[in-house]
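Asker: Straight from Swiss-Prot, here's the annotation block:
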- Asp24, His25, Gly26, Lys27, Ser28, Thr29, Asn141, Lys142, Ile143, Asp144: GTP binding site (BINDING)
- 12-194: domain 'tr-type G' (DOMAIN)
Amino acid sequence: MPNIEELKQRQEKIRNFSIIAHIDHGKSTLADRILEKTETVSSREMQAQLLDSMDLERERGITIKLNAIELNYKAKDGETYIFHLIDTPGHVDFTYEVSRSLAACEGAILVVDAAQGIEAQTLANVYLALDNDLEILPVINKIDLPAADPERVRTEIEDVIGLDASEAVLASAKAGIGIEEILEQIVEKVPAPQGDVEAPLQALIFDSVYDAYRGVILQVRVVNGMVKTGDKIQMMSNGKTFDVTEVGIFTPKAVGRDYLATGDVGYVAASIKTVADTRVGDTVTLADNPAAEPLHGYKQMNPMVFAGLYPIESNKYNDLREALEKLQLNDASLQFEPETSQALGFGFRCGFLGLLHMDVIQERLEREFNIDLIMTAPSVVYHVNTTDGEMLEVSNPSEFPDPTRIDTIEEPYVKAQIMVPQEYVGAVMELAQRKRGDFETMEYIDDNRVNVIYQIPLAEIVFDFFDKLKSSTRGYASFDYELSEYRRSQLVKMDILLNGDKVDALSFIVHREFAYERGKLIVDKLKKIIPRQQFEVPIQAAIGQKIVARTDIKALRKNVLAKCYGGDVSRKRKLLEKQKAGKKRMKAIGSVEVPQEAFLSVLSMDEDEK
């Protein structure tokens, strides 16, 4: 066990930093190069996007989970420094992951693509880093590209973000250029962690993973004090205590250690059995010498998008619950509660941070846990003011009160920042207008790029805004949004009736202006998807009692006259009447099977079809 002096000297050598960048600006590649350069990973084990350990991350080329890795770097001054690289996601839905990892750092490397310049999400993450008082080191990456223009990007960093970019490193993570300069700048510019080894333990939980053998493993950043195997730790939010069975660091693989001291980033295993006992953002302290107060954690992220998740096989309901609990463990922002639907049976109403988050969760459930799912149309949280003066928060269309009880409805608006090349400004404005957006401001970043700011209803964004934005700007636009306010809107709930019965899972909320078109579109779409029955099935779209659109699926009929060659007309009529009576009886008791595509079709309604 080293003495206090040695620990303090070691603390001087620690550098905690993360890498922030927009998607595809080369963040994971840079992390790979840093791992190679510091010889943390042997060239035999090296693979591209090493830190993106989920298959899903590799395939989509995005970082979803954060990772924390310890590296040793021998600097030019002859000293060996301990680096903790905390890898962060770049996508707007994972901002909370970014804020968690930045809370564990003192510095951040800002990677900007030399050809593309600053993008909307780069800005969003930089502001998070500035809020956390981090030292920011700009790096202009991909300088070996033919289209690279490092000087333009340098002035952009200075003008748009206001950082001094005169010492920005020009690098190419792919070709391995400039990596050493980056490492030297980390040593010089990123401050060593503040904190006192002798103070009572305070460690911030920034992530947790579930291990079937060792229980919940916490990833922590030690802010004050130290923790070692055999200590009794206590969670400050709920006072529960556990015995530490193992502490250690990640070099991507977990490596056991005797202790973690101030400034260290590593893991603590304490045979914690239940997921609920450890909340990300909580403070760990020692039971026999607790800290006076917890560290300020993160702001609790509230889900913005809700959808119902139902297992296709109803006996998988419990498996789905267990899977969601496991995902919730290291994704504190996922919320879920049980719900039932007449059409789909038992399932869960889940809350997500955004569409990508929803997609990723759905895909992880299907892949990692082998559960086939039906997902209902995503909706947002509405504020419904009733006639008797109550305010209800409703996230599920089927929970909307009767139209006669509703006084006003408010829906969430977001402030959307869209960065786009000048020639696509028209297309972006047209799209935003069509999505009921209100124009706020527009500013030119340089001769060619424009930052357009709109207030847009979140309900329109969760629908298909991102895909539409990408296709109308040929993929050049980048987009970031944050919740701004609730506004009163003319909204109505639309029900879909099949054979006179409401299908609760197909209900959705729509603006009164688009109600007729949307209703017409859906009934036509369902007509194509729902197979023909033995009897005629009317499909109707209704607002309250009023039917706004209708179409019929024609019945399949057998030719009952085939066996009458000639014969009297009354004989034929008798057979037809008999068939008609049979169909009528069938229709009265018949129920219509709704295929899964029908639910999905409500999701994927194209504007162009409107």
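Using N, Cα and C of the backbone, Cβ positions are placed for all residues, glycine too.
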Asker: Roughly where does the domain 'tr-type G' (12-194) sit in mean pLDDT, to the nearest integer?
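Answerer: So the average pLDDT across the domain 'tr-type G' (12-194) works out to 70.
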Asker: For Ile143 (GTP binding site), just count the other CB atoms lying within 10 A of its CB, please.
Answerer: 19
Asker: If you count Cβ atoms within 10 Å of the Cβ of Asn141 (GTP binding site), leaving out that atom itself, what do you get?
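Answerer: Looking across every protein chain shown, the total is 31.
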Asker: So, in DSSP terms, is Asn141 (GTP binding site) helix, strand, or coil?
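Answerer: SS state of Asn141 (GTP binding site) = strand.
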